[in-house]
Amino acid sequence: MGACVSTAGGVSEEEKVRHREAERQLREAKAKLDNQVKVLLLGSGDSGKSTVLKVGVYLRCEQCEFYVACSAYWMMRLAFHICYVLYDIHLVLYGSCAQMRLIHDLHFSPQEFEFYRQLVFSNITHGMKQLLEALEDMDLQVSEEVKPYVDLLEDPPDIKDGQSFPDNYHEPLKLLWNDEVVQKGWSRGNEAALPDNLAYFYNDLDRLFNNNYYPTEQDIIRCKARTVGITETMFKLRSHEMLMVDVGGQKSERRKWIHCFQDVTTILFLVSLSGYDQCLVEDKDANQMQDAMAIWDSICHSQWFRTTSIILFLNKDDIFKEKIMHSDIKNTFPDYEGEAGNAVQGREYFRSRFTRLSRKSGQNREREIYVQRLPMLTAHKKFYERDRYGTSEGSYGRS
Ligand SMILES: Nc1nc2c(ncn2[C@@H]2O[C@H](COP(=O)(O)OP(=O)(O)OP(=O)(O)O)[C@@H](O)[C@H]2O)c(=O)[nH]1
Ligand SMILES: [Mg+2]
């Protein structure tokens with residue numbers, strides 16, 4: 001049993017595997033000694049990874065509906081504690097990036113504000129273009145009165161530094177948005193993965209077209225720029241360095257992920273709760289939630305992350321709560337047995353689907369599942385304290 005068969009040329013496969021494992025353990029031990037922390041943000045496209053990095057998250061306690069805002073820096077510290085104090089634990093967090101009430105100033109530079117101002121214009125014009133294209137797939141046609149404006153969106157201009165939004169776009173965009181057929185298409189946005197931020201920006205179009213428009217922090221949070229490649233952000237915690245790594249989540253980006261799998265302390269895995277009835281931007285035939293589950297499954301059981309702690313963050317809770325009032329989870333997840341329109345039962349259903357995947361049978365070791373008592377985050381002392389989470393199927397335990 002377990003005899004190593006050396007090949008004529010030297011080292012056997014089994015020895016190589018053992019050697020790689022020993023190397024990995026050494027690396028991990030070294031990283032722990034050095035107190036280096038590397039947090040990797042993973043998840044499907046549009047799940048909110050870059051938004052976490054930009055502003056942090058707004059977390060909700062399941063028990064008391066208490067909300068707490070948590071900056072990216074605090075997410076990082078939380079990840080740090082989970083790795084070193086609660087090593088190897090999955091933690092499920094609920095909340096929203098966009099609901100984040102900013103308790104701290106975000107400290108964006110004037111250049112960053114200018115960058116986001118230009119991005120807002122790009123988001124509203126390209127978002128409308130996407131919406132109009134989606135109408136064609138839905139066999140809908142814009143009303144005759146607004147048809148002449150459609151061409152404006154063929155090739156919308158980029159805004160230059162200091163330049164106001166072009167006036168000739170203001171009324172046409174407003175009329176297009178308010179068009180009955182466009183609104184009908186928007187209400188079926190889940191079929192085309194339309195950007196979540198469109199209603200937010202279009203409901204406030206006059207403010208954006210004001211010549212003195214300066215993006216608010218909420219505008220910045222709502223902006224969308226798809227991540228291409230890998231971005232690294234370094235935080236300093238006293239003398240320690242903490243690295244947060246953000247990747248692009250769309251399918252074409254995923255082959256790059258492996259380049260940042262080494263020496264990961266904690267994975268922060270983002271799932272868009274509102275994606276349960278939505279397709280992917282890059283694949284109209286795929287369901288966002290199913291896609292997230294498939295990635296989650298492979299990450300949880302990947303050899304790279306056998307000893308990595310993982311936080312599951314069920315994001316976009318604000319959109320989820322609104323959406324389930326008119327879109328039953330059962331339509332896309334037929335085994336859902338909760339009430340239609342019940343957000344607590346809906347969240348619990350998805351939480352249990354993800355936790356079940358993470359402890360698939362046949363694994364050497366099961367991971368424990370905990371739900372964070374969020375108010376402890378604010379109470380600083382022992383903020384890593386946690387609840388043992390039990391379900392009707394029984395509690396999870398280490399094996
Ligand atoms: N309403 C709402 N919008 C959110 C929330 N989190 C993120 N968003 C929005 O969702 C959009 C996508 O967010 P990103 O952070 O760019 O998503 P991502 O996961 O980085 O996407 P990729 O870079 O393509 O992988 C942005 O417009 C965000 O403002 C949330 O909790 N609620
Ligand atoms: Mg991103």
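All positions are counted from 1 along the displayed chain.
Cβ atoms are placed via backbone N, Cα and C, with glycine included.
For reference, TrEMBL has these:
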COILED    12-39  coiled coil
BINDING   Ser50, Thr227  Mg(2+) binding site
BINDING   Asp246, Val247, Gly248, Gly249, Gln250, Asn315, Lys316, Asp317, Asp318  GTP binding site
Sequence-ordered binding-site residues from Gln250, Lys316, Asp318 with Cβ under 6 Å of an atom of ligand 2: none
Rounded Cα-Cα span from Ser50 (Mg(2+) binding site) to Lys316 (GTP binding site), Å: 13
Integer Cα-Cα distance in angstrom, Gln250 (GTP binding site) to Thr227 (Mg(2+) binding site): 9
Nearest recorded site to Thr227 (Mg(2+) binding site) by CA-CA distance, among binding-site residues Asp246, Gly248, Asp318: Gly248
Ser50 (Mg(2+) binding site) and Asp246 (GTP binding site), Cα-Cα, nearest whole angstrom: 7
Under 8 Å by Cβ from Gly248 (GTP binding site), same chain, sequence gap 6 or more: Gly45, Arg226, Thr227, Val228, Gly229, Ile230, Arg254, Lys256
Coarse DSSP state, helix versus strand versus coil, of Gly248 (GTP binding site): coil
Mapped DSSP class for Asp318 (GTP binding site), helix or strand or coil: helix
Averaged pLDDT score, the coiled coil (12-39): 76
